[in-house]
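Reading through the structure tokens given below for one structure.
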Amino acid sequence: MLSKILGIFKGKEKIEEKSNKIIEIDYNKCKNCLSCYRVCKNNVFAIKNNRVVVKNENNCTKCGECLKVCRYGAIILYDA
């Protein structure tokens, strides 16, 4: 438990991996900075019509890197 708490303070927390999680982009908040696109190692995001889109949701490992780098809070992960 303590290591989990310390991990949070160190910014190393991971999102609980569950198959029922869905990732989306809130386009009311998204500034199209491409941070999520650049940080994702699993090619979850793509650029379509000059916008970042979720292209390969099945590739998402729920690592949380895109959530961490999004300064605008535009990445949403929720239960299906």
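Cβ atoms are placed via backbone N, Cα and C, with glycine included.
Annotation comment: Swiss-Prot describes Cys30, Cys33, Cys36, Cys40 as [4Fe-4S] cluster 1 binding site. According to Swiss-Prot, the feature [4Fe-4S] cluster 2 binding site maps to Cys60, Cys63, Cys66, Cys70, an assignment based on similarity to another entry. If you look up Swiss-Prot, you'll see 21-49 marked as domain '4Fe-4S ferredoxin-type 1', on the strength of sequence analysis. As annotated by Swiss-Prot, domain '4Fe-4S ferredoxin-type 2' applies to 50-80, with the evidence given as sequence analysis.
Here the features listed in Swiss-Prot are painted onto the structure.
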| residue | record | DSSP (3 states) |
| --- | --- | --- |
| Cys30 | [4Fe-4S] cluster 1 binding site | coil |
| Cys36 | [4Fe-4S] cluster 1 binding site | helix |
| Cys60 | [4Fe-4S] cluster 2 binding site | coil |
| Cys66 | [4Fe-4S] cluster 2 binding site | helix |
Around the Cβ of Cys40 ([4Fe-4S] cluster 1 binding site), the count of other Cβ atoms that are within 10 Å
21
List, by number or range, the same-chain residues at least 6 past the domain '4Fe-4S ferredoxin-type 1' (21-49) whose CB is under 8 A from its CB atoms?
15, 55-57, 59-62, 65-66, 68-80
About how far apart, in whole Å, are the alpha carbons (Cα) of Cys70 ([4Fe-4S] cluster 2 binding site) and Cys36 ([4Fe-4S] cluster 1 binding site)?
6
Which whole-number value in Å describes the distance between the Cα atoms of Cys66 ([4Fe-4S] cluster 2 binding site) and Cys36 ([4Fe-4S] cluster 1 binding site)?
5
Cα-Cα separation of Cys40 ([4Fe-4S] cluster 1 binding site) and Cys63 ([4Fe-4S] cluster 2 binding site), in Å?
9
Under 8 Å Cβ to Cβ from Cys30 ([4Fe-4S] cluster 1 binding site), same chain, six or more residues apart: give me those in sequence order, or none if nothing qualifies.
Arg51, Val52, Tyr72, Ala74
Tertiary neighbours of Cys60 ([4Fe-4S] cluster 2 binding site) (same chain, Cβ under 8 Å, six or more apart):
Lys21, Ile23, Asn42, Val44
Can you check which residue among the binding-site residues Cys33, Cys63, Cys66, Cys70 has the largest number of Cβ atoms within 10 Å of its own?
Cys66
List the Cα distance (Å, whole number) between Cys36 ([4Fe-4S] cluster 1 binding site) and Cys63 ([4Fe-4S] cluster 2 binding site).
12
Whole-number Å only: compute the distance from the Cα of Cys33 ([4Fe-4S] cluster 1 binding site) to the Cα of Cys63 ([4Fe-4S] cluster 2 binding site).
20
Using a 10 Å radius around its CB, how many other CB atoms surround Cys36 ([4Fe-4S] cluster 1 binding site)?
22
Applying the rule Cβ within 8 Å of the centroid of the Cβ atoms of Cys30, Cys33, Cys36, Cys40, what extra residues of the same chain belong around the [4Fe-4S] cluster 1 site?
Ile25, Asn32, Leu34, Ser35, Tyr37, Arg38, Val39, Phe45, Val52, Cys66, Val69, Cys70, Ala74, Ile75
